[in-house]
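Before any comments, here is the structure.
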């Protein structure tokens, strides 16, 4: 894509103390919104390129120009008002990122790293080259290729290489099931799809690390994440009963990937925990994200340095903060939109019932299944912490009313 | 003051999810700024009436109209865009507050309560009526009255009833010292000054409580505050070695005053701890503030519910949060402007040296003695926590360079 003429930089509208930098975030979802509190505390400037003036982060960040992240001129003009560019999502096209880098914009994570979070085929190839444990996978462009792969591995998970999230872009294909939906997917993406074995995992884990341009890295404890229909529902930090060897292996994978891929900022690695017939446990990498991630929301209340503060520190090449937990256990439960639109009324009751629950809402209107907030509870007794977090989330969404 | 015609409410510029309220804060200093992070998390709207577009809170809050808090029309128009009105400072004149209340604006704390934080003579009279322990005091309008009081108590502290802060508006008069400065003060305030005995205290304590309109109240642990030249330098939470009886007495005073004065929001009670010749300790009330207070900044990192979140919950009549500490000790040290203007460079070094220190900056330009930020360290070993917090603050200001 040829570069558009560079628009003149807009008047700076972020006020910061002299000498302090401005971070520009492409996208104004809840991840950008949750960067606002640590930016306020650190005294660094924040601007977001917003989908709309009412977007989650645009509600709370003064400098939130509305623009399209697929429009090179818009991204370029936006970046001109910031010292570094980072992201709320992975959807900025590679040609735009590369053009900005060619012009000297500090894109963090860099385009070459971000490619692994944008395209699952790129990711699988690279991880396999690096010897990082992955599910069996194959690039398939025809039904014959798909069937050949299914013959080898049994049940197959078919994924669109780009654009999937929260269970979208994923099709589970039992070994002997129908293939008509798969055929439609293949026809729509003649460049090929990613086929993976359906891993018989015991549970899902995630490891979050942060890395700065100067190579400093820090990892939070490995967590367990509980997904329903491909959407994260609950995260327990640290993962209960995880043996030290597996925890160390998962952390090693996170740190290795951050370094090898040249990640800057937060890297989330979603993992399957597996158990072989002899009882030994292992991990396989499921997905990567190069930004703060749902599996790290517990860090706001549960860690000395939250993933949002750490992301800002990392992209600014500030020394990283201590990722140590503040409590023995932290449980985060997502608040998904339900039938009950009046969140304010229900969260008032949750606060009355449990003064220790931390409620985080994203300023969004309720739509069924939409992530509109999360709750976190910390403490010493996992059963108690988990029950309280689940109850609070279910009450806010209106699933239960007592 | 007659009410000005009510200007038509401005277009709402605070975007919140349906059903969520907006808090309007008069004043855009660091206290309003530190309300922004919990407002983002709670999903409630926040607007500030700012002294300037570059003011500390105006930098980080999208809806920050510039206006004069002494201009009734400006305050009225501002209040029309919020569900409740609260404050960054105590400087809004009583007639404006009363006029707004007469028109049904939810002023929190109410004008009648706030009077006790605005006028030290009003405060002393009421506290004495309530039987709350205070230093000996007298209203004095002439040098003769002042001398008569000095004959009774010895050294005197002369205070302007209104407008003082951070050691300003306070004149210490040794029993046998000169009186020419006092005479100038008396001449300038013919309505009278507050004269107090200079209390031979062993240390200064502070108790912070929050109270909601429905009467719910919560107290944080009593802290020790270390002042230099009338400016808070350091706060240790909880106050080291404080006996249970004195802690309970201080907490009782805080809760009693919040209830009796009808406070809504955070009330800070600054106390002198005293020791009588027989060794028993007691407390005397020094000052009141009805807003988040410097002695409570440690709660951001050290308590399950920060004073800023609690203030928002209280003024909105939401159930109050759990004020329990997150760690055994928290030490907060103010970052005062020094000779070194490049805060960004020095705080980068502090972060590198101590990844566990929480740095909070207010977006202000450095001016000597100005509060430009604070640091908090939490942990189990008080000596370690205190040394780290002091070192970080001194390094940021440039007092030390290693």
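Placed from the backbone N, Cα and C atoms, the Cβ positions cover glycine too.
Feature annotations, reproduced from TrEMBL:
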type    : residues                                                      : note
BINDING : A:120, A:159, A:196, A:197, A:198, A:199, A:204, A:286, A:287 : ATP binding site
DOMAIN  : A:124-316                                                     : domain 'ATP-grasp'
Tertiary neighbours of residue A:198 (ATP binding site) (same chain, Cβ under 8 Å, six or more apart): A:153, A:154, A:155, A:156, A:157, A:172
The one of A:196, A:204, A:287 whose CB sees the fewest other CB atoms within 10 Å, among these binding-site residues: A:287
Across the domain 'ATP-grasp' (A:124-316), average pLDDT on the 0 to 100 scale: 95
DSSP-derived class (H/G/I helix, E/B strand, else coil) of residue A:120 (ATP binding site): helix
